[in-house]
């Protein structure tokens, strides 16, 4: 559904979770202007009709959640780079429904090459889980594991009870702990092939607007590993060039709201 520039400017300026944006934000015909920089607003139902080539756009971020297949009757993510749209590359901000290179920063970004037209950046939960699994596997070896993500509610749920194809997501998001499915654990095998088939997981949506957690339980190949050893390797990994800024480490007694605005 198309949203006008005035509404987009307002929602950027005033955010219920992160507060008021401290830069000047305004709207004009066909654009919003953020701190003096104009950002064009274009709305098309079919991605092949978007004028990326004319605008000189090299890389498109496909974050609608609608075009998760390369091609389909309603359009696909490759339409951004083929069929006339004219971009050179497309990055999905969600798992793809078909085979595509999946990249999690700090874990599999060495697999990116210039020949790829499209990559998936996986899900938020996979990006949380994969660096942790990578460090544990490289240090101690993972035989198998189970993950639970306790996740903030999202727009895929209902704010009040209302019909939804998933009867649990049909319930008011801010009033219940809502079990739901997740493919994040299995998707780790896409960015860490050596863990393919070794991890599984469940998800709980909880009544917070931001701040989620992954609880990972693993059976390690190395026996008698202590808590201190695990904490030590995670802390050291968080300070490496590979994972600095991606994996964080703290021993503070923090809660989910303390992660709000954290850039890792």
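Glycine is no exception: its Cβ is also placed from the backbone N, Cα and C atoms.
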Swiss-Prot D-glyceraldehyde 3-phosphate site partner of 123, 124, 125, 169, 182, 183, 205, selected from 154, 217: 154
Between the candidate ranges 225-244, 245-264, where does Swiss-Prot place the region 'Disordered' annotation? 245-264
The one of 93, 125, 154, 155 whose CB sees the fewest other CB atoms within 10 Å, among these binding-site residues: 155
Between the Cα atoms of residue 183 (D-glyceraldehyde 3-phosphate binding site) and residue 124 (active site, nucleophile), what distance do you get, rounded to the nearest Å? 11
Which state, by DSSP, holds residue 155 (NAD(+) binding site): helix, strand or coil? coil
How big is the Cα-to-Cα gap, in Å, between residue 124 (active site, nucleophile) and residue 155 (NAD(+) binding site)? 14
Cβ atoms near residue 182 (D-glyceraldehyde 3-phosphate binding site) (within 10 Å, other residues, all chains): 20
